[in-house]
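Enquirer: Annotations for this protein, taken from TrEMBL, read as follows:
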| type | residues | note |
| --- | --- | --- |
| TRANSMEM | B:6-29 | transmembrane segment |
| TRANSMEM | B:55-75 | transmembrane segment |
| DOMAIN | B:109-325 | domain 'ABC transmembrane type-1' |
| TRANSMEM | B:113-134 | transmembrane segment |
| TRANSMEM | B:146-165 | transmembrane segment |
| TRANSMEM | B:202-224 | transmembrane segment |
| TRANSMEM | B:245-270 | transmembrane segment |
| TRANSMEM | B:304-326 | transmembrane segment |
Amino acid sequence: MIASSRSPLTFLVHLSVLLLVALWTLPTAGLLISSLRDKDQLAVSGWWTALSTSSQNLAGRAASPEEQVEKDGRFVLSGNLLDGANAKVSAFGFRPMQPAAFEAGATADIGDGQTLTVNEDGSYEIVSPTRMEGTRGQRIFYTAAVPPRFTLDNYREVLSAEGIGASFINSLTVAIPATIIPILVAAFCAYALAWMPFPGRAILIAVVVGLLVVPLQMSLIPLLKLYNGVGAFFGVPAKTYVGIWLAHMGFGLPLAVYLLRNYMAGLPREIMESARVDGASDFDIFVKIILPLSFPALASFAIFQFLWTWNDLLVAMVFLGTGNDELVLTGRLVNLLGSRGGNWEILTASAFITIVVPLIVFFSLQRYLVRGLLAGSVKGG
Amino acid sequence: MQQLLFAVFTMIGGVLACVLYFFGTNWLLDRLFPSKGRMGAEASRNLRITNAIRPWLFMAPALLALGIYLVYPVFESFRLSFHDRTGRTFVGLSNYAWMLRDGEFRQSIFNNFLWLLVVPALSTFFGLVIAALTDRIWWGNIAKTLIFMPMAISFVGAAVIWKFVYDYRAAGNEQIGLLNALVVWLGGTPEAWMTIPFWNNFFLMVILIWIQTGFAMVILSAALRGIPEETIEAAVIDGANGFQIFFKIMVPQIWGTIAVVWTTITILVLKVFDIVLAMTNGQWQTQVLANLMFDWMFRGGGDFGRGATIAVVIMVLVIPIMIWNIRNATKEMEGR
């Protein structure tokens with residue numbers, strides 16, 4: 001636009017955009033990569049080292065003395081610490097305070113004339129001049145270089161053990177009806193506000209614009225009271241899916257009506273007038289002409305509403321229970337942040353499952369999202 | 001699975017109910033006041049009646065829902081703010097008096113103003129800069145998509161993402177949080193960022209800026225493209241350089257849009273709740289109004305009076321923007 005000719009600034013522009021993009025994507029990338037890493041590696045090294053070999057301090061136990069064999073008058077106990085895993089031992093020790101006292105391949109004196117040798121490949125040998133006693137094997141601490149390992153174990157664990165799988169279903173249960181039901185309600189209202197003349201129309205439109213920005217916080221307490229009252233009156237639980245669907249519908253309607261009204265008001269008047277001349281009623285015009293023509297606006301709103309209901313935490317916390325069959329993904333994630341604060345393998349995998357659906361929606365339907373954003377913000381000036 | 005089926009059935013049921021309502025009432029209206037096939041005065045009288053009633057039939061479900069879920073609560077919250085924790089005993093202004101004396105509330109208001117100063121400004125600034133820069137390079141659309149992406153991520157998801165970035169291990173251990181690793185690499189000592197009062201607010205704000213910049217960028221990018229080419233060409237001919245064109249020609253032409261983006265993010269900031277709840281839950285002096293309100297809603301069995309009072313404060317802060325929006329929308333409609 002400005003620099004039609006190649007200015008020396010062009011390089012700088014590329015560089016700064018690249019920097020900004022990196023800044024905006026790295027946090028998410030870190031989450032995704034971490035969620036796929038082995039949990040022991042994740043705990044000790046940054047995700048940006050995921051592709052390099054990491055060094056870990058591990059502990060193992062030698063085989064039980066019952067398995068010792070007598071060889072040339074000495075008693076020998078041997079085995080492998082790594083058990084076939086693809087890693088390299090660099091150091092070892094037999095005291096917890098000195099886990100890396102000896103280099104791999106060296107021989108350590110562990111008392112009573114016994115010696116311990118651990119080799120690079122993890123094989124160990126305990127040699128004793130007398131018969132070893134007891135049933136518990138010797139503790140061995142070692143440092144191993146473990147090659148990068150990627151796994152889906154974290155996902156497997158959170159989906160079953162941490163209840164993320166159940167919450168995923170709960171989130172879908174909340175989001176789907178809460179997205180679809182308001183559309184028709186809003187569309188009829190928007191048509192009336194756009195094309196049917198009646199007294200008080202301008203005021204109603206102004207009210208809708210005003211309601212667009214009413215903070216949700218204003219609604220919470222009165223509605224909680226209302227729900228509790230309704231629940232007590234009919235003897236039903238106050239926190240139900242029906243309740244949250246209706247709540248999401250109510251909170252989404254101002255945007256829906258506003259978006260759709262703006263869109264419908266922009267449709268050419270001639271279409272409607274010629275239909276009316278042909279004897280079509282308002283109802284026919286709406287169902288047969290306006291509704292199909294408004295598809296882009298309907299899609300925009302549906303995407304917004306879906307993202308908003310899926311990502312919502314506040315409404316779900318207030319209007320939906322916390323049982324296993326009601327807790328939504330965002331709520332579960334907040335709970336995990338409290339209970340499993342340090343277990344990053346669980347948090348990262350759970351978080352990624354939470355954000356993957358919106359991301360798919362985002363990347364596949366971005367066009368409609370942008371259009372909706374452009375139509376949805378009240379134009380100034 | 002069963003509940004998903006239940007959800008799908010309810011959805012179909014809900015949609016069918018809507019269809020039935022709209023068809024049914026419309027059919028009934030045409031039945032009660034038929035205009036087709038009638039003569040003269042009666043036909044025109046009936047037509048007038050149906051035309052007066054039909055809009056309200058169309059709007060009834062939406063107006064009902066808006067009334068119950070948004071209009072009634074605004075008045076009810078206002079009323080509750082003058083009552084005690086149960087909402088039954090009138091206590092006059094004592095909730096407001098409590099609020100002004102309460103240290104936590106003052107902390108929240110202070111933090112909220114910090115958020116209001118920083119987040120809309122930086123989001124809009126970054127949005128504008130990125131919009132202007134990406135318009136000039138061939139891979140601009142890819143860059144935009146990637147920067148826009150956090151918009152789709154929930155606040156809670158974003159909180160986990162950034163908590164991981166801010167993760168802290170005691171000095172000497174290998175840092176797995178990006179920020180601390182960077183600090184250590186540059187020769188500093190790692191910090192538990194979330195526990196440093198005052199500055200931790202800014203670390204929380206970063207999350208919202210990260211999410212909202214994409215929104216600002218999309219809208220401002222469209223506005224920049226709407227600038228008439230001639231004004232820029234004229235400036236080029238007059239010898240203006242890139243910066244002059246951007247700040248003196250382009251930015252003034254999109255002031256209106258910048259204001260819209262700014263106010264939209266401002267409203268979002270006033271309602272910010274999830275991020276603070278998930279990251280610190282108001283500890284280490286990071287409390288904000290929306291989280292404080294949620295806290296009082298359930299604290300000790302729930303104090304509806306105080307909760308409603310805090311909600312009213314948020315509402316009062318929103319009202320100027322609401323009026324400005326309504327005036328703009330009305331002006332726009334008259335122009336049509």
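Just so it is clear, glycine is given a Cβ too, placed from its N, Cα and C backbone atoms.
Since we're looking at a predicted model, the values are computed, not measured.
Help me see these features in their spatial surroundings.
Expert: Outside the transmembrane segment (B:113-134), and at least 6 residues removed from its termini, the chain residues within Cβ reach (under 8 Å) are 140-141, 143-144, 147, 201-202, 205, 208-209, 212-221, 224, 246, 250-251, 258, 261-263, 265-266, 269-270, 272, 288.
Long-range Cβ contacts of the transmembrane segment (B:146-165) within its own chain (Cβ-Cβ under 8 Å, at least 6 residues beyond either end) map to 130, 177-179, 194, 203, 206-207, 210-215, 217-218, 272-275, 278-279.
Sequence-distant neighbours of the transmembrane segment (B:245-270) (same chain, 6+ residues past either end, Cβ-Cβ under 8 Å): 112, 115-116, 119-121, 123-124, 127-128, 132, 208, 212, 215-216, 219-220, 223-224, 226-227, 231-232, 235-236, 289-290, 314, 317-318, 321, 324-325.
Counting only same-chain residues 6+ beyond the ends of the transmembrane segment (B:304-326), those with a CB under 8 A from a CB of the stretch are 74, 77-78, 80-87, 91, 95-96, 98-99, 105, 109, 112, 263, 266-267, 270-271, 289-290, 292-294, 296-297.
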